[in-house]
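Trainee: I'd like to ask you about the structure that follows.
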Amino acid sequence: MLNPYLDIHPDIERAIAEGKPVVALESTIISHGMPYPQNVETALRVEQKVRDSGAIPATIAILKGRLKVGLSEEEITYLGQQGLKAMKTSRRDIPFIVATKGDGATTVASTMILADMAGIRVFATGGIGGVHRGAENSLDISADLEELAQTKVAVVCAGIKSILDLGLTLEYLETKGVPVVGYQTDTLPAFYSRESAFNVDYRLDAPQQIADALKAKWAMSLEGGAIIANPIPKEHAMANEDIDHVIQSAIEEMDAQGIKGKASTPFLLAKVAEKTQGESLKANIALVLNNAALASKIAVAYCN
Ligand code: PSU
Ligand code: MN
């Protein structure tokens, strides 16, 4: 399909044409997920991690209205410096950013859309959006979940962050037919910690098993993606009770300030980092690198 708005980096276009492994990476984690300069350093380290693990990285964003699959170091630095000034772009926002020739940092949902346009099937990030705590009143459910229901991309993440309601997020994913795979784990990891009170749908211990399941799903034209939940490395994990305490107080501050909608997740991420004096940020960086390595191995296996 010829898409007049899409710019695929020549290296990535060639790799896709030759059936080589490519891993998509999002840009809202750069602009809204981490502070500058750690965001830029991390984004570049994640790209290097993908290369070291045998795949080709494609960081995705919208720049001057162009849908970009594959960013240069300058472009990544620019987005990182823009920080919260960059437009957080989910599915609904894409046509407006394109039509006004604006810059947009892509969320998990919109990164999946652009990856799919380019034919990339594996995507690594830190955390996905989900059903927020208190969603029975706020109805705050991330567009990421709708995207997972309809777009053919596997998202490797560190499970579900406890700023979200893990149980409700799993129920929603079940309804939408999105499988949650645990990599070498039976329990759903909770981002900063390796475990939660919930189980994954399927435990798979090898990247090739994951690639085989994805192939089977898409060969049958079962639409939608999958979540590959990869626990944070042991040495970087934080205790569930410590982080829950911090998250609870961040949510209270958010409610007191009347913050809602698309501003919620960035507010909570920044508050948690502030309240843990950067400890959560260190954990976040470690788990993203870990996810990039696993996504690369899955992408390599998928190409076999
Ligand atoms: N969770 C994180 N870090 C992030 C995000 C979520 O731990 O950076 C970002 C991702 O880009 C995700 C988006 O797609 O937040 C979800 O936002 P919302 O809840 O508004 O859908
Ligand atoms: Mn939301």
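Every residue number used here counts from 1 along the chain in the order it is shown.
Note that Cβ sites are derived from N, Cα and C of the backbone, with glycine treated the same way.
Automatic, uncurated: that is what TrEMBL annotation is.
Worth saying up front: this structure is predicted, and the values here are computed from it rather than measured.
Features from TrEMBL:
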- GLU26: active site, proton donor (ACT_SITE)
- LYS161: active site, nucleophile (ACT_SITE)
- LYS88, VAL108, SER142, ALA143, ASP144: substrate binding site (BINDING)
- ASP140: Mn(2+) binding site (BINDING)
Trainee: Within 10 Å of the Cβ of GLU26 (active site, proton donor), how many other Cβ atoms can be counted across all chains shown?
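Mentor: A count of 28.
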Trainee: Taking the centroid of the Cβ atoms of LYS88, VAL108, SER142, ALA143, ASP144 as the substrate site, which other residues of that chain lie with their Cβ within 8 Å of it, listed in sequence order?
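Mentor: Surrounding the site, in chain order, are THR28, SER90, THR107, ALA109, SER110, ILE128, GLY129, GLU147, THR265.
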Trainee: I need the least crowded one of these recorded positions (LYS88, LYS161), counting other C-beta atoms within 10 angstroms of each C-beta.
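Mentor: Counting other Cβ atoms within 10 Å of each of the recorded positions LYS88, LYS161, the minimum falls on LYS88.
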Trainee: Please name which of the binding-site residues listed here, LYS88, VAL108, ASP140, SER142, ASP144, is nearest in space to GLU26 (active site, proton donor), Cα against Cα.
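Mentor: That would be VAL108, nearest by Cα distance.
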Trainee: Between the Cα atoms of ASP140 (Mn(2+) binding site) and VAL108 (substrate binding site), what distance do you get, rounded to the nearest Å?
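Mentor: Cα to Cα, ASP140 (Mn(2+) binding site) and VAL108 (substrate binding site) are separated by 16 Å.
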Trainee: Near ligand 2, which of the recorded positions LYS88, ASP140, SER142, LYS161 are found, taking a Cβ distance under 6 A to any of its atoms?
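Mentor: With ligand 2 as the reference and 6 Å as the Cβ limit, the list reads ASP140, SER142.
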Trainee: Sort out for me which one of VAL108, ALA143 has the most neighbouring CB atoms within 10 A, since those are the binding-site residues we care about.
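Mentor: Top count of Cβ atoms within 10 Å goes to VAL108.
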Trainee: Neighbour count, 10 Å Cβ-Cβ cut-off, for ASP144 (substrate binding site): what number do you get?
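Mentor: I get 27 for this one.
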Trainee: Can you tell which of ASP140, SER142 has the most other C-beta atoms within 10 Å, given these are the binding-site residues?
Mentor: SER142
Trainee: Out of the binding-site residues I have (LYS88, VAL108, SER142), which ones have their Cβ sitting under 6 Å from ligand 1?
Mentor: VAL108, SER142
Trainee: From the Cα of ALA143 (substrate binding site) across to the Cα of the residue listed as 'active site, nucleophile', what is the distance in angstrom?
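Mentor: Rounded to the nearest whole number, the Cα-Cα distance is 16 Å.
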